[in-house]
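Taken verbatim from Swiss-Prot:
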type: ACT_SITE; residues: Glu208; note: active site, proton donor
type: ACT_SITE; residues: Glu324; note: active site, nucleophile
type: CARBOHYD; residues: Asn69; note: N-linked glycosylation site
type: CARBOHYD; residues: Asn115; note: N-linked glycosylation site
type: CARBOHYD; residues: Asn157; note: N-linked glycosylation site
type: CARBOHYD; residues: Asn217; note: N-linked glycosylation site
type: CARBOHYD; residues: Asn291; note: N-linked glycosylation site
type: CARBOHYD; residues: Asn304; note: N-linked glycosylation site
type: CARBOHYD; residues: Asn380; note: N-linked glycosylation site
type: CARBOHYD; residues: Asn426; note: N-linked glycosylation site
type: CARBOHYD; residues: Asn441; note: N-linked glycosylation site
type: CARBOHYD; residues: Asn483; note: N-linked glycosylation site
type: CARBOHYD; residues: Asn512; note: N-linked glycosylation site
type: SIGNAL; residues: 1-20; note: signal peptide
Amino acid sequence: MHHHPITLLSLLLGAAQSIAAHPTAHDERRSSSSIGVSASVPDDAALPVLHPFVSFSIEFAFFPDFAGNLSHPNLFSNQLLDNLADLQGAKPYIRVGGNTQDFALYDPKLRAATNATYITSISTDYPLILSFGPAFFESYFTWPGTKFIHGFNLGKNSSSDIELMLESVPLACKALEGGKLAYWELGNEPDLYKTSAQGIRRPASWTEQDYVDEWLNKTARIEKRLVEACPELAESKYIAPSFAGVTNSLNPVVTWEKGLDKSRNIALNSEHNYIGGATQPGVTLQNTLMNHTKTVESVAQQVNVSRILSKDNLTPGIPYILGETNSLYNEGAPGLSNSFGAALWGVDFNLYCASQNIRRTHMHQGSNYNYISWQPVGTNRTTIGTKAPYYGNAMVAAMLHGGDDVRIVNLPLAADTEAAYAAYVNETLVRVAVINLVEFNYTSTDSTAEKVESRPSAKYTFQLPSSESVYAGSVSVQRLMANGSNAITGITWDGWSYNYELAQGKPVRLQNVTTGEAISVGDDGVVEIEIPYSSAAILSL
């Protein structure tokens, strides 16, 4: 499925006027506002996103669930990745890592892919004792055309554990030969090693300099193994430092100042971000996830670090990405992270990141997690299937279609509960996205007519750029829809369902959803669109 053709391109050539959007609503409590958007890329716009932008991080212990193996490849997962490739133009990059990356020890005699032991008093979500064998690397052969980031263990630090990590290098590099390797990673969230509830990994005296020295030493030892086993990958690079946040026990700016990139082997500056915690007091759908201001505040911490690093020339030519991110840390909260409201949050969060020079995002996944985009296998806790957040991934991918020169610009709106963005491809405006974040819940006892009747909508008015050309008659519309923000099923992007039950993740056009929608443009270039509460849309020019 590809984006709609650009039908107003002639309007944009040489256009000098702005777009003005005036959101109004049936609900008179909401104030109207107006904004302007230039037809060409604003001077202060972010850099183009990396291609692909929409990417994933998969918990190390659960990678075999998501990808399968040579005899049983996970075709469902691969189909969902292919769908996103069709939308954004490139298959998502996959980072294999997370907390269990730093628990995982290589066992050359293990016949299974993994051997996992849960310590339920600490975490029921993932194993704290984990070994992986040669069969683990079969999972790198099941998703054609996918590039991977493989995570090595930095957390375990005895001489025998380090040797086991190094013994795994030849298997990893041979599995990722032939264009499958994107980057390596060494360590997950080392800024929590001194404080983690899952176990203390380093003494309180461990500093940024200690971390940098250790990272440089171990990556040099990894490089020696690469030279021996996979010489063509000897100069492959890393994402780093993979900190949990920017305000923990290691300071990311100091870490770069201490020479993290002394070996010139870091391709991307990777940090992690979560809006809040699954069990934090006061976390709600409306105030935490469906809240544009909260998203802006969360991303602002990353942007501040990014600007300092840039100003001090500490990361020249090294893009800033989120190598792991999602809604609520500790695997998300049921009823929040798995709802359609979380899908809308994902659209807002990802597009806002793209507008702030965060060049790629890897949404974190793990079997049975609440915030996952899909559950790859059936378990006694979760059924196999496409989950609500995936549909948000699809809309973001569609908004970012266009190759290597796609830029996103935030269009500030008045309320916490709405957001809008413009997409520019090759310097030209091609799409506008509008997200309504007013929480609208529904109950299964409502009839379909009652649901439609009772659901308010907001009206957004755009003034399209003008030129001497004649205005095209209409713009095309694609909508992200569900019955309400609390829905966990029945979700569509542009009328497509990606449900496992319908066609194992292949796109299926539902007949009860309006598609092919076009909105007429007035002679004066004004176009109006109604966005039901708790929904979103893309207008393609």
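Numbers run from 1 along the shown chain.
Glycine is no exception: its Cβ is also placed from the backbone N, Cα and C atoms.
All features noted in Swiss-Prot, drawn onto the structure.
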residue: Asn69; record: N-linked glycosylation site; Cβ within 10 Å: 17
residue: Asn115; record: N-linked glycosylation site; Cβ within 10 Å: 15
residue: Asn157; record: N-linked glycosylation site; Cβ within 10 Å: 15
residue: Glu208; record: active site, proton donor; Cβ within 10 Å: 22
residue: Asn291; record: N-linked glycosylation site; Cβ within 10 Å: 23
residue: Asn304; record: N-linked glycosylation site; Cβ within 10 Å: 12
residue: Glu324; record: active site, nucleophile; Cβ within 10 Å: 29
residue: Asn380; record: N-linked glycosylation site; Cβ within 10 Å: 5
residue: Asn426; record: N-linked glycosylation site; Cβ within 10 Å: 13
residue: Asn483; record: N-linked glycosylation site; Cβ within 10 Å: 21
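For Asn441 (N-linked glycosylation site), the count of additional Cβ atoms within 10 Å of its Cβ stands at 15 [all protein chains shown]. Using CA atoms as reference points, the recorded positions Asn157, Glu208, Asn217, Asn483, Asn512 were checked against the residue listed as 'active site, nucleophile', and the closest is Glu208.
Sorting the glycosylation sites Asn217, Asn512 by the number of other Cβ atoms within 10 Å puts Asn217 first.
Asn483 (N-linked glycosylation site) and Asn441 (N-linked glycosylation site) have their C-alpha atoms 8 Å apart, to the nearest angstrom. If you compare Cα positions, Asn217 (N-linked glycosylation site) sits closest to Glu208 out of the recorded positions Asn69, Asn115, Glu208, Asn304, Asn441. Here the candidates are the glycosylation sites Asn115, Asn157, Asn304, and by Cα distance the one nearest Asn380 (N-linked glycosylation site) turns out to be Asn115. Spatially, by CA atoms, the glycosylation sites Asn115, Asn157, Asn291, Asn304, Asn426 include one closest to Asn69 (N-linked glycosylation site), and that is Asn115. Asn304 (N-linked glycosylation site) and Asn157 (N-linked glycosylation site) have their C-alpha atoms 32 Å apart, to the nearest angstrom. Of the candidate glycosylation sites, Asn115, Asn157, Asn291, Asn512, the one lying closest to the residue listed as 'active site, proton donor' when CA atoms are compared is Asn157.
In the three-state DSSP scheme, Asn217 (N-linked glycosylation site) is classed as helix. When the alpha carbons of Asn426 (N-linked glycosylation site) and Asn157 (N-linked glycosylation site) are compared, the span between them is 48 angstrom. Of the candidate glycosylation sites, Asn115, Asn157, Asn291, Asn512, the one lying closest to Asn441 (N-linked glycosylation site) when CA atoms are compared is Asn291.
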